[in-house]
Amino acid sequence: MNRALEHYTKREKDLTQKSQELKREINFYSIIRLVIFVGAAVVCFIAFKNGKYLYFGAFLTLFISLFILAAYKHSKVLEEKSYTDSMLVVIKRGLNRIEGNFKEFSDNGEEFIDKKHPYSYDLDIFGEGSLYQMINSTSTYTGKERLSKELQRKIKFSTEEILSRQEAITDLSLKEDYREKLTAIGIMNEGDMEEPKALLEWSLKREKIFSSLAFKIICYALNFITLGILVLMTLKIVDYKALMISLLINGTFLLLGKTKREEAFEVVNIYKNNINTYFRMLQITEEEDFQSNHMKALKNSLKEGDKDTVFQLKQLTSIVNRLKDTKNAYYLIINIFFLMDYHILFSLESWRMLYGRNIPLWLETLGEIEALSSLSIINYEHENWCIPKIVPYNILEGKQIGHPLLGKEVVRNDFSLKHPNSLVLVTGSNMSGKSTFLRTLGVNLLLSYLGSAVSAESFTCGIMDIYTCMRINDDLKESISSFYAELLRIKDIIAASKTGEPIFFLLDEIFKGTNSKDRHKGAEVLINQLSTKNALGLVSTHDLELTIIEQVNPKVANYHFREYYEDNKLKFDYKLRKGYSTTQNALYLMRMVGIEE
């Protein structure tokens, strides 16, 4: 059994059992709280009714203490249940990925679809059934953004960067406990994860709302006055009127600064769940012992002198949790007695001045770790896939190459494209596998550059910019026909090939939007232009006349897919063969759907 499958299967069983146990424990504490409440009401009522005021006070104190303890235990079990259920989601996603059922995952990255991107739209990088949908394990906004940018980056990684990423992704692939915890923590608050723009702006502000020393002195002085009056009342030196005057002054003081305080608290209140999530995710990151230099560097970037990120974020989390208490009824009493709003504000602004500038770095680092963790899932769940070899020259070569998204249905092929051949012309009948094979090479090449394992027994490639022209449609908004849109796309590819930078192109059924004569002539000119020393690529076509280019241009080679008939049924083996196709199936397919000759 696959190691990942064995791990997921066992974890699912254990977590399901634990979740059920926690549910029973939650019900138990719910009953205990009810019993304590009813018991307190009955016992205290009897004691009070019988004039046993000492017993009344003692029982009331006891029951309140028991209720608080039960409520605390209850909240801890609820939190553990939430974490366990989130972890169960992580494990079930893993099982679904292995089974090829990832199309049901809710986040498919459709917001990142860019039809004008050089390759991402054609290669199904985003959207339903996409690479993003399969591998994405990010929860934070910055994590999703980072992963999306890496999947459609326009600036190539260097060989050194790719090798460094390979080490980091391999490192993470061996740390399934850490990766699963990271994702589960994120899932617990996934619905509340906001774009951090306002938080980042707040973190970099340098001015304080109540910055004067005199204001703080007044605030503390009022605290001491109120506390002193309470002591004097206990000693029966002053009566309650003095306290009423003190509380009236405190209330006025709170009222005067209410608007500014609410503005200061607004951003942190919006991001309070996010901040707790960031803290927990970065806490387990700092506790992890990474082996790769890249992951060590990311972890070390979270330190600043003797104050690491966990220390700093723990302070902020503590302040945020105090802000949560402001919604409770008892807080209103404490606030008017001791001006707690101002003390929280002083702590918050002091923290921001000391550590706020670090938040952008923390989120950027966390986003990169989440993106790398997503890619490492590939290595972990597909132990038979290979780590590609990156070389300093143009080549794409591999054995048993398969499409990473096809799961158990994948058909694998050996393939080699290197000079003197720089362009492969792929022919074959309808549904024979031409387009899928082009995408197979494109997606695996992209994964190679990102440092991930690829769906192959072996895979070697140079570093090239990827360009595709496969899925072209009319653009009604810009009044552009599919043929003209295709021309614009191909123009970009030709321009890229003339820059001197290595490119890899995939063209599927080019010029299908025009008549056969123009299509043939245009394709012939294009193929000859693209068969240059700086470009490698594949062109699929139904135009068999183009296959004669191989005879006059030594840089062009013919490959094909074919179909066969068994029991009068059309079948495909999706195996790539040298040479050009000699079969057709259009009429058969027409008859199959009920269109007679």
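Placed from the backbone N, Cα and C atoms, the Cβ positions cover glycine too.
Model, not experiment: these values are computed from the prediction.
TrEMBL has this to say about the protein:
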type: DOMAIN; residues: 421-597; note: domain 'DNA mismatch repair proteins mutS family'
type: TRANSMEM; residues: 26-48; note: transmembrane segment
type: TRANSMEM; residues: 54-72; note: transmembrane segment
type: TRANSMEM; residues: 213-234; note: transmembrane segment
type: TRANSMEM; residues: 240-257; note: transmembrane segment
type: TRANSMEM; residues: 329-348; note: transmembrane segment
Is it true that the transmembrane segment (213-234) and the transmembrane segment (26-48) have 3 or more CB pairs under 8 Å, sequence gap of 6 or more?
no
Please work out the mean pLDDT for the residues of the domain 'DNA mismatch repair proteins mutS family' (421-597).
82
Give residue numbers and ranges for long-range contacts of the transmembrane segment (329-348): same chain, 6 or more residues beyond its ends, CB-CB under 8 A.
209-210, 216, 219, 222-223, 226-227, 247, 250-251, 253-254, 257, 261, 264-265, 268, 319, 322-323
What residues elsewhere in the chain lie close to the transmembrane segment (240-257), defined as a C-beta under 8 angstroms and at least 6 residues from its ends?
210, 218-219, 222, 225-226, 229-230, 232-233, 335-337, 339, 341-342
